[in-house]
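**Q** Dropping a structure here in structure tokens format, bear with me for questions.
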């Protein structure tokens, strides 16, 4: 289940991008997998959802939203849940590496 505490407050301006989404009016089952869907069926559905996303004028905003709130389900902005998790994992790894590098560099420089 999504953690709604991470969602932005009730500010309609933050959500206006959704009014321009190519998926408006499209059956949401295209973007969210049914329980137990696997393999070729899941891949085909996700590819169909991504086709809608590829022609969407607010694809970047949609993907950014899904990443920001850590949306655990569905295709958002052309990214599946697995793809979003992979992106977040890579970002975490880069942050950890940068933090470790900065710490090591700071220690090597000595006192200021």
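Every residue gets a Cβ built from N, Cα and C, even glycine.
Below are the features I grabbed from Swiss-Prot:
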- 22-86: domain '4Fe-4S Wbl-type' (DOMAIN)
- 23, 53, 56, 62: [4Fe-4S] cluster binding site (BINDING)
**Q** List the helix, strand and coil residue totals of the domain '4Fe-4S Wbl-type' (22-86) as derived from DSSP.
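**A** When I sort the residues of the domain '4Fe-4S Wbl-type' (22-86) into the three classes, I find 35 helix, 2 strand, 28 coil.
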**Q** Report the member of 23, 53, 62 (the binding-site residues) whose C-beta atom has the most other C-beta atoms within 10 angstroms.
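**A** Counting every other Cβ within 10 Å of each candidate, the maximum falls on 62.
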**Q** Report, as a single number, how many Cβ atoms besides its own are within 10 Å of the Cβ of residue 56 ([4Fe-4S] cluster binding site).
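**A** Total other Cβ atoms inside 10 Å, all chains included: 20.
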**Q** Per-residue pLDDT averaged over the domain '4Fe-4S Wbl-type' (22-86) comes to what?
**A** 96
